[in-house]
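**Student:** According to TrEMBL, the feature repeat 'PPR' maps to 75-110, 146-176, 178-212, 213-248. Taken from TrEMBL, the feature domain 'DYW' applies to 394-486.
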Amino acid sequence: MRTSGVLPDAFTCSFLLKACVSLLDIANGKILHGVVEKLGFGSNLFLQNMILNLYGLCGEMADAMLLFDKMPQRDVVTWNTVITQMLKSGKPKEAIDYFLELEEESGLRPNQVTVVSVLAACADLCALDLGKRVHEYSNRSGFKNNVLVCNTLIDMYAKCGSLEEASRVFDEMEGKRTVFSWSAMIVGLAAHGRAQEALSLFSSMLQDGTEPNGVTFVGLLHACAHMGLVDEGRAFFTSMTRDYGITPGIEHYGCMVDLLSRAGLVKEAYEFIMEMPIKPNGIIWGALLGGCRLHKDIKLAEQAIQHLSVLDPLNDGYYIVLSNIYAEAGRWEDVTRVRKLMKARGVKKTSGWSKITLDDGIVHEFVAGDESHPQAEGIFRKWDELVVEMMLRGYVANTSLVLLDIEEEQKVKFIYRHSEKLAVSFGLLNTPAGTTIRIIKNLRVCEDCHSALKLIAAISGREIVVRDRNRFHCFKDGCCSCGDYW
């Protein structure tokens, strides 16, 4: 066309850009961007949005944001594109920042696409207050009956630890529920340790005439794994293929290995892995390693770590689990060997952190042992007061978790400075009496923190919700939603 001397118009450019998007061809996309500018189409919003989307899809976020900043005109599609691509590139906080800018400064009104994207970001960040605000905006904007928005709301509330709100949205969807609605609710119940409710909801789903999908069975198997329901889990795993023609994916196999390993059936879990029709990944072997830690099976743990050292060689968590298994068995030479191996491979230990968000929207992060917070003195004083109260109820610090060759007094201090303990003390000081305290933690809650948080919930009369690496823990009236099976 060009050699014939025919100039492309805006339609030509749009078709070519669409081809580049389909092929994820950023090289020709950049050439076309230049052509669009040379032909004077720089003010064509439709083409500018297509180019912006192409840069984002191809992972060229720096160029995408340069274009965004220079665009003389923007519409809701422009903002939706940026927010969506921020989410896809793992930047939920930036996605929320752009939503707030869209809402407050642009003069444009977010549509249902924006709402769904921002709710997904809120779920990732556990930003419950902002999620509620978006929910209210969605209702005011007439999206209350939008099924996609409602499904995303269920997922957001469940991931933010507010299962009651998730249930409320789900109940209001009667007659409009899809398999995604049912699955989101089942997965949420499972993550919160409410296995029997998840299984009961599955029965209701079948009675409603909705056929389950792969995500439904991930939720069901997850529920069985975290509550030790071995027979039920086996039945679901068999049923998904036999009754519904669903081929198990790696996540289903992972749930089964987790289920068997947690229940102490580590040898059966190992045999299950060896018979898998697909190649097991690091998550599969990591689940087996976790079971070996719980049930002190050193031989199988060593086999698991051999695979993990190839599949996920820089994951410090696996080495630490093996080191802890050796330490609990008194095999200190092996502990030293593992730590030397970590050093030789350049594996660094991940510091534990916990985050809590106050009503003003400010996120406060605490690192294990951190004494730099502006309220550190008050936080430690509050913790000391809690310890006195907890000891009256039988609490004794579980220092066996501190696998360091230090004095007992130092071990107690070490265990007292875990990040979730600092976060909950801060929360008690800075939130009104009776309000729920919500914490996100990057690692698994340890046994001592789990015991302490149950007592603190009873002492304070508060509900404390912790989302750790594996699941939710809802501490209330001296109990945890996981039933101590986590």
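The backbone N, Cα and C atoms fix where each Cβ goes, glycine too.
No curator has checked TrEMBL annotations; they are predicted automatically.
Owing to the predicted nature of the structure, the values given are computational and were not obtained by experimental measurement.
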**Student:** Suppose you look only at the repeat 'PPR' (75-110); what would the mean pLDDT be?
**Tutor:** 85
**Student:** Are there residues at least 6 beyond the ends of the repeat 'PPR' (146-176) whose Cβ is under 8 Å from a Cβ of it, and what are they?
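**Tutor:** For the repeat 'PPR' (146-176), the sequence-distant neighbours (Cβ-Cβ under 8 Å, at least 6 residues beyond its ends) are 112, 115-116, 119-120, 122-124, 126-128, 131-132, 135, 138, 184-185, 187-189, 191-192, 194, 436, 438, 465, 467, 472, 474.
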**Student:** Tally the residues of the domain 'DYW' (394-486) by DSSP class, grouping H, G and I as helix, E and B as strand, and everything else as coil.
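**Tutor:** When I sort the residues of the domain 'DYW' (394-486) into the three classes, I find 38 helix, 16 strand, 39 coil.
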